[in-house]
Amino acid sequence: MFDSFTLVAATADLDDEPTARGVADLVEFRMDLAADPVRQLAAYDGELPLLVTNRPAWEGGEVDGSDADAETARLDALEAALGNDAVAAVDIELAALRREERAVRVAEEAEALGVDVVVSVHDFAGTPSERAMVSLLSAAASAGDVGKLAVTAEDRGDALSLLSATNTADAAGERVATMAMGEAGRHTRAVAPVYGSKIGYAPVDAAEATAPGQYDLATLDELVGELSSR
Ligand SMILES: O=C1C[C@@](O)(C(=O)O)C[C@@H](O)[C@@H]1O
């Protein structure tokens, strides 16, 4: 997975899966935004494979990760999800891998089960320098199967820097996924795949976006299809 562009339908409600079928390649289950994620996963009988994400508040999500116990509980829930046969990929934050042994163990467990690891970095405050982004992408890509960087663009210059960093990482043979959040970065969701980004996220319904500036699934599918060879 992730060798070519992968379109991901992001949702907190696995009942959305039939609507994503035929368009998305994968469903991202945002466990941190979901009501009763354990029950939803156990009951899942959809066709699309799942990417599970349990994003902590310290990285822009909803689940508590404010102390060691909360982080252990969050990562335990993520690890438990790996046992579900529908789970093909897991998202783990680069910052968690850097500071928590428990996160490294979840990544190792995923690898042992043949579950791909998306190592993610989010910047909700702005866009780091191009050099810093290249280095973050490299660190994230080498810590898992794909390195993902989502930044917040304030202007076109930020969007261009992200595209350029994506191009550099791709040319270096790194498997990466990039997107700029916010209005100024919106077009990067369609354009970054041209520069090597391997994942695009979109909600099935634009009203249920999981990040600022996302296109709805059908629109992203169409835009990426027009611009790349999807
Ligand atoms: O990390 C990402 C990328 C994302 O933040 C985006 O900007 O599309 C959406 C999230 O659901 C996903 O986990």
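Any Cβ shown, glycine's included, is placed from N, Cα and C.
Database features (TrEMBL):
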- His122: active site, proton donor/acceptor (ACT_SITE)
- Lys148: active site, schiff-base intermediate with substrate (ACT_SITE)
- Glu28, Phe29, Arg30, Arg55, Arg189, Thr210, Gln214: 3-dehydroquinate binding site (BINDING)
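This view paints the features noted in TrEMBL onto the structure.
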residue: Glu28; record: 3-dehydroquinate binding site; DSSP class: strand
residue: Arg55; record: 3-dehydroquinate binding site; DSSP class: coil
residue: His122; record: active site, proton donor/acceptor; DSSP class: strand
residue: Lys148; record: active site, schiff-base intermediate with substrate; DSSP class: strand
residue: Arg189; record: 3-dehydroquinate binding site; DSSP class: helix
residue: Thr210; record: 3-dehydroquinate binding site; DSSP class: coil
Lys148 (active site, schiff-base intermediate with substrate) and Thr210 (3-dehydroquinate binding site), distance between Cα atoms, whole Å: 15
Tertiary neighbours of Arg30 (3-dehydroquinate binding site) (same chain, Cβ under 8 Å, six or more apart): Ala10, Thr11, Ala12, Thr53, Arg55, Gly61, Thr210
Neighbourhood of ligand 1 - binding-site residues from Phe29, Arg189, Thr210 with Cβ under 6 Å: Thr210
Distant-in-sequence Cβ neighbours of His122 (active site, proton donor/acceptor), under 8 Å, six or more positions away: Glu59, Gly60, Glu93, Leu149, Ala150, Val151
Around the Cβ of the residue listed as 'active site, schiff-base intermediate with substrate', the count of other Cβ atoms that are within 10 Å: 27
Gln214 (3-dehydroquinate binding site) to the residue listed as 'active site, schiff-base intermediate with substrate' - Cα separation in whole Å: 16
Lys148 (active site, schiff-base intermediate with substrate) and Glu28 (3-dehydroquinate binding site), Cα-Cα, nearest whole angstrom: 14
Whole-number Å value for how far the residue listed as 'active site, schiff-base intermediate with substrate' lies from Arg189 (3-dehydroquinate binding site) (Cα to Cα): 13
Cβ neighbour count (within 10 Å, all chains shown) around Phe29 (3-dehydroquinate binding site): 30
Among Glu28, Phe29, Arg30, Arg55, Arg189, Thr210, Gln214, the record's 3-dehydroquinate binders - longest CA distance, Å: 20
Between Lys148 (active site, schiff-base intermediate with substrate) and Phe29 (3-dehydroquinate binding site), the C-alpha gap once rounded to whole angstrom: 16
Other CB atoms within 10 A, centred on Thr210 (3-dehydroquinate binding site): 19
